[in-house]
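Copied over from Swiss-Prot:
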- GLU194: active site, proton donor/acceptor (ACT_SITE)
- GLU300: active site, nucleophile (ACT_SITE)
- TRP81, ASN193, GLU194, PRO195, ARG196, GLU230, TYR267, TRP271, TRP332: substrate binding site (BINDING)
- CYS197-CYS200: disulfide bond (DISULFID)
- CYS289-CYS296: disulfide bond (DISULFID)
- CYS308-CYS359: disulfide bond (DISULFID)
- 1-17: signal peptide (SIGNAL)
Amino acid sequence: MKGLFAFGLGLLSLVNALPQAQGGGAAASAKVSGTRFVIDGKTGYFAGTNSYWIGFLTNNRDVDTTLDHIASSGLKILRVWGFNDVNNQPSGNTVWFQRLASSGSQINTGPNGLQRLDYLVRSAETRGIKLIIALVNYWDDFGGMKAYVNAFGGTKESWYTNARAQEQYKRYIQAVVSRYVNSPAIFAWELANEPRCKGCNTNVIFNWATQISDYIRSLDKDHLITLGDEGFGLPGQTTYPYQYGEGTDFVKNLQIKNLDFGTFHMYPGHWGVPTSFGPGWIKDHAAACRAAGKPCLLEEYGYESDRCNVQKGWQQASRELSRDGMSGDLFWQWGDQLSTGQTHNDGFTIYYGSSLATCLVTDHVRAINALPA
């Protein structure tokens, strides 16, 4: 999702130093079986959501309460930001994960750094929630590729081949992956949130994704790996999302050995297409995943009006393909009540306990549970 407003990251409570979250217990890492996901021994279709802000909370009770609500709603997968990049170290106890500078970068493993992610992983472990952790942002929110560009030069388009940027990106990957390599809470490592390379040959992202997924696999033999792209670049239609101008080729990227499943997003309102575009977009990605023998995950989707009627139709379209390429969906985004008030409403937020949550979470989970095994 692009264009997020900065979430209020003021100090909510004192944070105790936390050991690395290393997992344990009976839960197992998520797997794939053909075009279907396997979570804790169950093969099927799974629902989930996104929360870009949860890893930046400094009040442990807020983390726990949010995850309790997600788990009790029947959602199994939660996608979060595993990045928070800055070029200048913030004052006080503001949360940041990595400071990028040409003179030398720093990964923050302190109480206002990766220890916040530690707590999230630990809390997810105890609740059986599986996390997709995105490792960098294409967009400028929370630093992203732009923070690397500020430190090492070039552009976001050249970021994928910028040797110094990629060297530091891999250092950061190693720091994060090594902390949670044994945690059953990790569903997948995600190379980037919505990677694009506008006007580039699609080989740029293809080659980068091949190299980085190989690198992650060298660090972690067990957990799943995915790209995090929006699903742009598909044959058969000429509308904008099907075109290749953003530098991605969905079908080609599915051939990358160490990418275990395909991701795609859906925002008709942002893309200038009608809501009726949705079912076909889902069907075409499912077909591509089926042909590649990998699961498809509708990783982000949202609409800003008539949301119950519009989005439940998309959910139904995805569920109907649960044995034909689709294996899950994650709506954008989860909303909750924290100790500091409601989380940010970007126009797509679905708040816990709302009538919209009944329509798009409770009813959806019930329908998933009724699917044949």
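Placed from the backbone N, Cα and C atoms, the Cβ positions cover glycine too.
The structure, with features from Swiss-Prot marked on it.
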residue: TRP81; record: substrate binding site; DSSP class: strand
residue: GLU194; record: active site, proton donor/acceptor; DSSP class: coil
residue: CYS200; record: disulfide bond; DSSP class: coil
residue: TYR267; record: substrate binding site; DSSP class: coil
residue: CYS289; record: disulfide bond; DSSP class: helix
residue: CYS296; record: disulfide bond; DSSP class: strand
residue: CYS308; record: disulfide bond; DSSP class: helix
residue: CYS359; record: disulfide bond; DSSP class: helix
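Set side by side, the disulfide-bonded residues CYS197, CYS200, CYS289, CYS296, CYS359 differ in how many other CB atoms lie within 10 angstroms of their CB, and the most is found at CYS296.
Cα distances from CYS359 (disulfide bond) to the recorded positions TRP81, GLU194, ARG196, GLU300, TRP332 are smallest for TRP332. Here the binding-site residues are TRP81, TYR267, TRP332, and the one with the most other Cβ atoms within 10 Å of its Cβ is TRP81. Max Cα-Cα distance over the annotated substrate binders (TRP81, ASN193, GLU194, PRO195, ARG196, GLU230, TYR267, TRP271, TRP332) is 23 Å. All protein chains included, the residue listed as 'active site, proton donor/acceptor' registers 23 other Cβ atoms within 10 Å of its own Cβ.
Listed recorded positions near TYR267 (substrate binding site): GLU300 (candidates GLU194, CYS197, CYS200, CYS289, GLU300, CYS308; Cα-Cα distance within 10 Å). Look at TRP332 (substrate binding site): DSSP puts it in coil. Ranking the recorded positions ARG196, GLU300, CYS308 by how many Cβ atoms sit within 10 Å of each one's Cβ puts GLU300 at the top. Calculated from their C-alpha atoms, the gap between the residue listed as 'active site, nucleophile' and TRP332 (substrate binding site) amounts to 5 Å. A distance of 12 Å separates the Cα atom of the residue listed as 'active site, proton donor/acceptor' from that of TRP81 (substrate binding site). Distance from the CA of CYS289 (disulfide bond) to the CA of ARG196 (substrate binding site) is 20 Å. Put simply, CYS296 (disulfide bond) is 17 Å from TRP332 (substrate binding site) when counted between their Cα atoms. A Cα-Cα distance of 25 Å separates TRP81 (substrate binding site) from CYS289 (disulfide bond).
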